[in-house]
Structures are given as structure tokens and as C-alpha cells.
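Asks: Here's the feature list from Swiss-Prot:
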| type | residues | note |
| --- | --- | --- |
| BINDING | Asp34, Phe35, Glu36, Phe37, Asp38, Ser83, Leu84, Glu117, Arg140, Glu184, Lys297, Lys321 | NAD(+) binding site |
| ACT_SITE | Lys119 | active site, N6-AMP-lysine intermediate |
| BINDING | Cys415, Cys418, Cys433, Cys439 | Zn(2+) binding site |
| DOMAIN | 598-674 | domain 'BRCT' |
Amino acid sequence: MDKAKAQQEIGKLRAEIERHNRLYYLEAKPEISDFEFDKLLKRLIMLEKEFPELVTPDSPSQRVGGGITKEFPTVVHRDPMLSLSNTYSIAEVADFCNRVEKLVAAEGGGTPEYVAELKYDGVAISLLYRDGLLVCGSTRGDGRQGDEITANLRTIPSIPLRLEMPDLPLFGTALSGEIEVRGEVYMRKDDFERLNEERPEEERFANPRNATAGTLKLQDSAEVARRRMSFVAYYLKGYDGEAPTHLKRLEQLKSMGFMTGAAAKLCKGMDEIADFIAEWSEKRWTLPYETDGVVLKLNEVSLWERLGATAKSPRWAIAYKYPAQQAKTVLQGVVFQVGRLGTITPVAELKPTRLAGSIVSRSTLHNFDEIKRLGVRIGDHVMIEKSGEVIPKVVSVVLDERPAETAEIEVPSECPVCGTRLERPEGEVNWYCPNEEGCPAQKRGRILHFASRNALDIQNLGESLVTQLVDRGLVSDAGDLYSLTQEQLAGLDRMAAKSAQNVLDALEKSKKQSYARLLFALGIRHVGAATARELAHACPSIDRLREMDEEALAAVPDIGPVIAASIRDFFAKPWVQAMLQKLAEAGLPMQAGEEKALVNNNFEGQSVIFTGALERHVRQEAEEMVRERGGRIVSSVSKKTTLVVAGKEAGSKLEKAIKLGVKVIDEDEFERML
């Protein structure tokens, strides 16, 4: 094919792909299957590889990702991205309306109108378009500046790479100059569930918002694309023909190719606002995405500037947040799950009950001390709560409704999977199955941990496949994974030659992971990712680590006598030694390589601990940012700790830091230090 014909076909393919993108993401009226869409995209990518000079920044092929971003540069926002003041009280919403009406009256205005919109539970971002082309995308950050994550945002199909302008009467002027669009990146419920199913149980995200925040900060844009996120726009500024009202600007955004909140409604007073909040209190659970409240804004945009803002939030808007959802049900029984370390976790079996838009039949009871604290018995009426978490929890017993016949929840004497007698080490809350080598549940858990994202990140090795491998005797530990053949894998349920080869390719790729990741992947009790990094730095080979005594190990930063004893105990086990031999023969990294260059030295000499819930970062990734800037992460507060980063609902660690006089900062200050 010559260049002219390729250019013609590329143009047709781009137009067709963007048309189907719009039908799928904006209008929910798909005309072709995912398979047919992928064929169009693959054809475009093939032609652009053959004629790279024809690639443009707004081509649909640029959504696929593939680049690695070593660090995210800082972008200063043109206007501050303020957070909204929020409330859980309808009365406080009414107070807000009264204040606004008084301020508007003082400005000589009439009765104001409001726009009520659903509050998407996602991550706020800013998009900058120059002459209609996306040139920059950034996070909210501290409100004044954020991280530039354009490469990751390009992978989101509902973010236009080039703005459309089909409705000239609505706009009245060309899309020239710089236009800023703000909105929320979020993850649909089905995409979130699919992502969590791929991860081991202990590494699953608590909710779609956490998954979104973590995904946006990934350095691999191809992985961002694979996770499937969405975007809803709610702010437009910089366009010469922008409408005078917020509702009309939402229409303009839709005409430009953005998805906007479908439920946005003009409200003329508090009665209509209260009706909207009440209506969506239940209806929101039927939506394919998470919403956690209602945003209320003045419709007349000219009033926004006149009313202004406080240091933290605008005076012309407020967010009403729905309270945590609770429901009453009956605890019908308890089952016991076995974790990778043999931990026995009680799980409540409930009378199926609707909660937060879904039918709940199970909830966690955490451990036997929690059962004792609650005083819960089988047959009790209990209150369950879901507040952002995927798994609901039992929060109380309705003692007034306790039936005459209830049964105590007894600690099992044997492992529910392998039948081994359970043990409870002195000073421990949990009971354990001591059959490490033989218990199928522990084998499955260890292998899933080994393959998890923060360990060796072995794609395509999910729970269903690992269960088959263990149950059929093909794999007993992580070392056996590297002896698997395509024939063995292809013979398993829901596997074929292609999917089997994908697993083998992922296993081969895992051999290139770091020595520190391997130490974490081994699943040594008390050794998390941070401790594994300290070990890798202090003991640069597995052989040297195995030879160290407890005293030498305890001298390693962040280790101490308990972890040191756990490490020695782990390496003394014959099955562990056999597994390490298999891993070494397979070519896994048994010693440290060259250390990665630091981003900067902003945290050099700092011993840092995070406590409480961060709003804009996933804990593990925030910790990695500290390490990349020369700092150390510690697991507990002591006199040696130099910095505590406190998020929402920070608890005992914050209290201890204050008592010891350790410096405490919030998330905004942390971001400024980066």
C-alpha cells in the first residue's frame, strides 16, 4: 500500500473508531461488538506502524498507552482547584441557600436558581486544550498545583483527544486558544469488580475511588489503559463563546464530545433541592458507577466570581454527602476462611438483605476478639454497614430483638480446609493452621501473593487458575510455577494454547523483577514491601540473608527482634529451602542489582510514617514517592521518626507523634515537599 492510500484509510478508520467510541461511552448505543471494535483499532495501529509519519496526537491509537513515566512533573493550575465544603445535613444545605440568597440580594440580584448534580466518587482532574487539541492533563494536587498525568489520561476513551464542535449555534465561535475542562475520573462498578478479581484477596482495592486514585499515578500507561476508567466533565472555562449559565455549559461540554452528569437538574428553591436529594438517595444504587452525594451550584456563572471563595472552597457551591448505609439482617451462621499465613478469619453468613443497592449475604467479623466485643451470636439480629468498602461489616447487635434460641460462635478446633488442629500463639489475636506445607488454602494464598502486583506482578495468574494448579497437584509452591509447560496449562478449565502461552510469557517477564520484590513475594510473616526493601539494602543476596543470625537481622532498620525471629524461622524450613533452590534454577533475582537513581533528595535523612486515610494518593504509592526522594518508611512511631503524614481519621500513631514531639504534616504539605 502506498502512502496516499494509507493516509486515506487511516482517516476513515480514525473517524469510524471515534464514532463508535462516542456511541459506546456517551450515548450508550453501541453498534458493534468489542471484537469488531478491536479489529478496527488493530488495523489502525498496524497502518500507523507502517507509516509512522502519519501518526497524530489525536489518533485513537494514542489511547492504547505503552510509555513509562519515570516521574510526574508539577503543573500550576490556571485557577485554583478548590474542594467543595460538604455536609451530611439537609438543614445545612438550607442554611447554604439562605446565605447565598442574602449575598445575591446584597449584590442587587433576584432569587437565584441552582443546578443539582450527582457527586461522582472519583478523582478530580484538569484538562487543557489548545486550539481544540488535548495538550495537558493534571491532578488536583493541593489545589494550587498538581501532577501532570497527560499520558495516563489519554488512555481514557471518554476524554476527547480533540474537541468536537458540531453545534455551531450553541457555540457561536471557533474552538481556538486555550480551553480548560475539569471533571472526575472514576471507575465503573463492573470494571472495578473485574480489576479486583485479578488481584489476590489481601491486595484488592477497598472501593472504586481508591482504585482510580492508584491507577492514575501508575507509571505504565499501558496498565492504565487496561484498567478501563471513565471521565465525566462538569466545568468549562476559557472558551470565548461559553454560555452564561452552568446548565448551558454542561450542554456545551456534551457537544464538544464529553460525557456529563445525566441527572443534572435546575432547582428553583430548597423544596426542589430536597426532593432531588431524596429521589437519588435510593436511585443512585441502580447506577453503574459510585456516587456519594449531590453537588449544588448556582446556575448563574457571573455570580460565581462575585460571591468568590474562602481559602478552601467556593461560596457558590456545596456538596451534600449521603450518610453510610446500614441495614438490619439476621446472622445465620459463620464460616472460617484460611489465609496464606494460616490465619483463620470468621465470615458472617447473613440472611440476604439489600444494602447500598446490592444484595448482601456475607460480611467480615475480622477475628474472634471482635466477635467477643460485639457479643454477637448465631441467630442474632445485627446491623451491617457499608461505607465505601466493598465488604460490609457487622457494627452492632440488636439486643432487644435477640431470639430465645441463639448459639455461641465457637472457635473451630481444626482447620476447615486440611483438618489440622489449630493453634493460637501467645499474645496473638488470631488462630492459625500450622500445616504450612500441606494446607491447600495456604498454598493457594502464598502463590497468589507471590504473583500479586506489588510482588512479582505475574499477569494472567488469577485465583481460578491457581486453585486448579494446586488442586491438581501441578504446583505446590511458587518455585513450581517456572516448571509448568504449555501443555499442562492448556489442559486446564477455560484455558487454551494462547492463554497458556500468555501465562508462560508473564512468568518469564517476572524473572526481571527486583530482588526486593522477590523478598516481599516470598511471603515471610511480618515482612511487608517496605521491610523487604530494607532487607534487600542491608542483605544484598539470599545466601547472605539466610546466614544472618537474629541479632544481625534485628539491627537492620525497621526489623527488630520479632521480625528477625520470623525471618530466621522462615529460612530454616526445608520446604522453603527447596522452593528457593527451584527459584534460583529458574533464574529469579537472588541478589540485588544496581539501585535506581533518585528523583530528588527532598526526603533525604527522613524517617516517615503515614497514618489515616489519604484523599489523593494510595498509601503504597505515597510511600514509594518518599523512597524515590531518599526517605525511609517506618512502620511505627518512635523518637527516631522524623515526619508523620496524617490523613483523615488519623488515630493512635498521630497521638503518639504529638506526645513525642514528632513533626506532623497533612497531605497538602506532603505534596509540596515532593
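Just so it is clear, glycine is given a Cβ too, placed from its N, Cα and C backbone atoms.
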Asks: List the residues of the same chain that sit at least 6 positions away from Glu36 (NAD(+) binding site) in sequence and have their Cβ under 8 Å from its Cβ, in sequence order, or write 'none'.
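Replies: Within the chain, Glu36 (NAD(+) binding site) has no Cβ neighbours under 8 Å at 6 or more residues' separation.
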Asks: If you measure from the Cα of Cys418 (Zn(2+) binding site), which of the recorded positions Asp38, Leu84, Lys119, Arg140 is the nearest?
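Replies: So, spelling it out, the nearest of the recorded positions is Asp38.
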Asks: Mind telling me which of the binding-site residues Leu84, Cys418, Cys433 has the densest Cβ neighbourhood, counting other Cβ atoms within 10 Å?
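Replies: Highest number of other Cβ atoms within 10 Å: Cys433.
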Asks: So if I draw a 10 Å sphere around the Cβ of Arg140 (NAD(+) binding site), how many other Cβ atoms end up inside it?
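Replies: I count 22 other Cβ atoms within 10 Å of it.
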Asks: Could you give the Cα-Cα distance between Lys297 (NAD(+) binding site) and Lys119 (active site, N6-AMP-lysine intermediate), in whole Å?
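Replies: Between the alpha carbons of Lys297 (NAD(+) binding site) and Lys119 (active site, N6-AMP-lysine intermediate) there are 12 Å.
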Asks: Of the recorded positions Lys119, Cys415, Cys433, Cys439, which one has its Cα closest to the Cα of Leu84 (NAD(+) binding site)?
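Replies: With Cα distances computed to Leu84 (NAD(+) binding site), the winner among Lys119, Cys415, Cys433, Cys439 is Lys119.
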Asks: List the Cα distance (Å, whole number) between Lys119 (active site, N6-AMP-lysine intermediate) and Cys439 (Zn(2+) binding site).
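Replies: With the alpha carbons as reference points, the distance is 46 Å.
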Asks: Apart from Cys415, Cys418, Cys433, Cys439, which residues in this chain have a Cβ no more than 8 Å from the mean position of the Cβ atoms of those residues at the Zn(2+) site?
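Replies: These residues sit around the Zn(2+) site: Val338, Gly342, Pro416, Val417, Gly419, Thr420, Pro434, Asn435, Gly438, Pro440, Ala441, Gln442.
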Asks: As a quick check of your reading of DSSP, tell me how many residues in the domain 'BRCT' (598-674) are helical, how many are strand and how many are coil.
Replies: 25 helix, 16 strand, 36 coil
Asks: Distance check, please: Cα of Cys439 (Zn(2+) binding site) against Cα of Arg140 (NAD(+) binding site), rounded to an integer number of angstrom.
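Replies: Rounded to a whole number, the Cα-Cα distance is 47 Å.
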Asks: Using Cα coordinates, what distance in whole Å links Arg140 (NAD(+) binding site) and Cys415 (Zn(2+) binding site)?
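Replies: One finds 48 Å between the Cα atoms of these residues.
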Asks: Three-state secondary structure of Lys297 (NAD(+) binding site) from DSSP?
Replies: strand
